Amino acid sequence: MVICILSTSLSAPVIFKQRLKRFGNYCGQFCVEDWGIDQNGRRVYGSIMLSVQFIVPLLIITFCYTAISLKLGKGILYRNRRQRNEWQLGMTDQQRAAIKRRQRTNRMLIGMVVAFSASWFFSVLFNVLRDYDCLPEWCQDQEYFFGIVTHCIAMSSTVWNPLLYAALNLQLRAAFIRLLPECIRQQETRKNAPLNCKPLIQPRNILQNDFTKKSSGSIMANEEKC
């Protein structure tokens, strides 16, 4: 309810600045935003919308993601120091895995901030230049087209977060690979597998060959003793 009231109050001033206008050779009338001589009001309104839509959300997500990253980092450093002081051991595999998880989390958080900034940057730049009558001539000729394009790019910010999370989450990536066809799945598995890894379960024929070699070797040794 609060979000609906806030969004309605922020959009209400534009309702009173709309009028019908004819354009050249086009048939019919079109609804356009016209502030008339009140250009200062237009710039004030544009600055408020810039703060609400871009600056404030960017500051909030930057602060929250930075706090999360620092919290995770302090936890890992504390555990590492405690284990080193108590056991005097080097870094274990579990510690390396925790550091890698933290690095993936940091990359995901940074990617979310960059995706939000990049998505809204063009729309914000277009609106600021339009409010202060600084649009270039090539953009003024197709103002509605560029406005729609930049608005669509800004709305795509809601799509990037799930994609980034899925790309950097190992469980989701593995589940997605299982949905792929067999040939593509094998290629992705080989690509992501470490170079020095060995299969935990050997094929049956290899085990049989090893057993045959061992049994034949023991028989020959017994014959030599005899």
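Note: Cβ is positioned from N, Cα and C throughout, glycine not excepted.
According to TrEMBL, the domain 'G-protein coupled receptors family 1 profile' annotation covers 1-165.
Look at TrEMBL and you will find 48-72 (among others) tagged as transmembrane segment.
The annotation transmembrane segment is assigned in TrEMBL to 109-129 (among others).
Within the chain carrying the transmembrane segment (144-168), a Cβ under 8 angstroms from the stretch's Cβ atoms is held by residues 104, 107-108, 111-112, 115-116, 119-120, 122-126, 130, 176, all 6 or more beyond its ends. The transmembrane segment annotation in TrEMBL covers 144-168 (among others).
Long-range Cβ contacts of the transmembrane segment (109-129) within its own chain (Cβ-Cβ under 8 Å, at least 6 residues beyond either end) map to 46, 49-50, 53-54, 57-58, 61-62, 65, 68-69, 135, 139, 146-147, 149-151, 153-157, 160-161, 164, 168.
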